[in-house]
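Let me begin by presenting the structure, written as structure tokens, before commenting on it.
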Amino acid sequence: MASTFEPSNLLSLVEDIKQAALQEQGPNPSAQSHFRLLGLIDELRLAVETPTETVLRLIYQPPQNAALRTVMDLGIFPLLMESGKCGLSAVELASKTGAERGLIVRLMRVMTALGLCASNESEIYVANEKTLILTQPIGRDGIPCIYDLTLPTLAKLPDYFREHHYLAPKEYSKSPMQWAVGQSQFEWLAQHKHRQALFNSYMSSRRHGKPSWFDIYPIERLTTDARDHSEAVFLVDVGGNQGHDLVKFHDKHPDVPGQLILQDLPKVVARSPGEGIQGMGYSFLDPQPVKGARTYYFRAIFHDWPDHICRKILVNTVSAMDPEYSRIIISDFVLPDTHVPLLQASLDIQMMSIGSGVERSERQWREMLDEAGLEVRGIWSGNPGMESVVEAVRRG
Ligand SMILES: C[S@@+](CC[C@H](N)C(=O)[O-])C[C@H]1O[C@@H](n2cnc3c(N)ncnc32)[C@H](O)[C@@H]1O
């Protein structure tokens, strides 16, 4: 089976991978070199695969997700972790989970082929270095949460577009999810308590091990000249879920002057957010009640919403900002004009589906902020796996 690449190109790609791998294993591996290595590996796979193999790989992605979701339901990965090096047989897994042995075998073929556990003996499954993460919040809660939240809509997305003349949705209340299942994301989550709990857990865990916004943004821009009196507010995390980002911020910068305030929908924010942090139920569709804070911080908020709602959220914030003092800090993806990483491009489709949201390019961010009366002061970018940080001030 011939691949589409010249052998010489293939070998030079392999050489590039070797160099990138040496850097990854060297004394100073960086996030950039890590993503470059992953990008080269993707290129190599595409180079080696025949076009037919590429199509088949894509066609058979949905059953992989469904099998994984089922294995999560059965609680198989925690059982494999507990069983250590000996692992568990299909018969043992069947007796522990109540599923038919034959079904276990069929599901676990997919799991081992995906590399999520090992099976070197017939019908014996052993945890490997990927299994642990599937038992931790990001995998344990993120996989069922995002599957249940998105799949029913994604399955119908082509029908939605056929019926809507291939126009990108522009209203949260008329999102593809609203059309497909009768609710958009936040109403659906509010009505499905267990899924909301999984969502909150996934939100707080999904950036584990990655730098925070204050690791890539020069925080002195906010701490220098920050007001220091009992009423002063240093940071409002707007839509901060249950406070995971603020807790990290407080741990790293315990001595910043002024209060730290967590805002989210009343049902989400109810739990005590953590020491030194004040929780406040608030909808960002209403005017911001905390006036003149140093920082209004929004992480992964605007990608949930179409432009006109984002403008409303921004205008609600601008009305509370002190033009001489306050800044908006946005942490979201800023899409490059070409070579958008697959994760970011895929997330854009997901956000569009569940609430008519958008992942935006630098031009889109600048236009939207400008229309809300804000001026961009800088954009700091980490690596392709994480959001950029945009700083803006009230114009005039
Ligand atoms: C994608 S999550 C991001 C959470 C957090 N900022 C993060 O980056 O992990 C979006 C958050 O917006 C909150 N949210 C949705 N609608 C809201 C509203 N009208 N007012 C305030 N928060 C809202 C949700 O409850 C959720 O916590």
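The backbone N, Cα and C atoms fix where each Cβ goes, glycine too.
Automatic, uncurated: that is what TrEMBL annotation is.
Annotation source TrEMBL lists domain 'O-methyltransferase dimerisation' at 66-125. The annotation domain 'O-methyltransferase C-terminal' is assigned in TrEMBL to 178-374. Per TrEMBL, active site, proton acceptor is recorded for His303.
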>> What are the sequence-distant neighbours of His303 (active site, proton acceptor), meaning same chain, six or more residues apart, C-beta distance under 8 angstroms?
In response: Asp332, Phe333, Leu347, Asp348, Met351, Gly357, Val358, Glu359, Arg360
> For His303 (active site, proton acceptor), what is the secondary structure state per DSSP, taken as helix, strand or coil?
Replying inline: helix
